[in-house]
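K.L.:
Can you keep this structure in mind? I'll have questions shortly.
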């Protein structure tokens, strides 16, 4: 029997090039954030000058603080709602309006952000709501709860349902069975969902631009208006800090899913 | 199974809160977009007319309904700017999705052939850039592609070019940005189907005398079509409405529809036309959106 070699040279080359393509630009950005020179492209030695500049930039700090608050608030609400939605879809069997429900949950995942942003803004204007922290938070919750629902639902789908049934056969009511059996098992996915919602919110420019009001810009909005004017070393420093924050979040997410799924089933990170 | 059915009832109650939320903040807003797309621009706050005022009584409401018109849609069809913008969005999305498939497939295929232990590592490595900010990734490329950026410095040092090449504000830069940003969305569904494939299939085909390209083209590729479909839709739909990447990397002489919508809304303050543009964009995307939903549902609900 002729054996097909599992990993050809072509496979290795495409993997290496692909990963290099994905990581080199970010790596270059991080390195240049420590550049002492004002000219972004001339290497002037290592320095923390641009980080210093960022911490003295009040408008940037305020925007970063706004972004963090929105990300924490919207991720928390989105995780709650998204988990409920996932439970309803994977355990609720048939119910009225189910098709519409799942449709509304999957559509925002790929819906162009300009449409989501515009439609929410028109709603807020019609309701005469004051635009700022809460409108952005609501908008981000609407987007990110769909991602949470997908992550949690895929975990629920791979779960052995006989565990829940055993708990109910032993006399648990459904709510109790869910809380004491199902919930601990899907906890890693819920944590991963929260982290994903948090980073998506921190990342979003378009929807936030539509739904925020004057004087409450988020970090991406500030970065965007600076970037339009050209490359500035300070932006490299801010970007590096954001990347570091997200890296911490990812490490925490993977630790959380390792800790609570010692049976070897790990939650899908996406 | 009786306990399953008992479980289903409270599970259905769990739908209430997210259901209400999505109707309120996803479905209802579309009604507003539709309504305002049929209104006239006005120099007022909010900048459109008529405004429905439920307290003004029935006659006023009927008058407001009568004032709705399809003028904005007529403008969108008759004005070249918008027609070109839609055509450009579709062209860019088709080209970029094809590029993504060409670049993403070999990477996903390589991942699927790694030893099991390494597959998990490779998957994390592909996902991590997806978690880092979109804007930051585009900014990273501006750093590299600018006039005296790293790419030009390398090309000059290697004597491949005698003068710095203009990269920024070109379609090349935009395609690099799009491929870079969407690559994980293409790789992951492809990898998911490729990894499930039995290695025995390839071996059987090779045993029967098929050369490697035939093994690939007649066995592997057809079997990976569900993954190809998912990856293509996952990239194509958002790219059509993309705003940030063309705005920061492409030139300003040909706009995509996402940029036009943004411009109408923020610069021209023409909310009705922006809304009409959003409705048309949604219409263009309706078929791929429905296809994508079917796929997503099948994957999640039937454990495929």
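Backbone N, Cα and C define each Cβ position, glycine as well.
Residues or ranges marked as transmembrane segment by TrEMBL: B:12-32, B:81-108, B:120-142, B:173-194, B:215-240, B:271-292. For B:86-292, the entry in TrEMBL reads domain 'ABC transmembrane type-1'.
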K.L.:
Out of B:12-32, B:81-108, B:120-142, B:173-194, B:271-292, which stretch has the largest tally of CB pairs under 8 angstroms to the transmembrane segment (B:215-240)?
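P.N.:
Looking at each of B:12-32, B:81-108, B:120-142, B:173-194, B:271-292 in turn, the most contacts to the transmembrane segment (B:215-240) are made by B:173-194.
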K.L.:
If we call contact 3 or more Cβ pairs under 8 Å (sequence gap 6 or more), are the transmembrane segment (B:173-194) and the transmembrane segment (B:81-108) touching?
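P.N.:
Yes, since the transmembrane segment (B:173-194) and the transmembrane segment (B:81-108) share at least 3 Cβ pairs closer than 8 Å, they count as touching.
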K.L.:
Should anything in the same chain at least six residues away from the transmembrane segment (B:120-142) have a Cβ under 8 Å from its Cβ atoms, list it; otherwise answer none.
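P.N.:
107, 111, 114, 149, 168, 173, 176-177, 180-181, 183-185, 187-188, 191, 244-245, 248-249.
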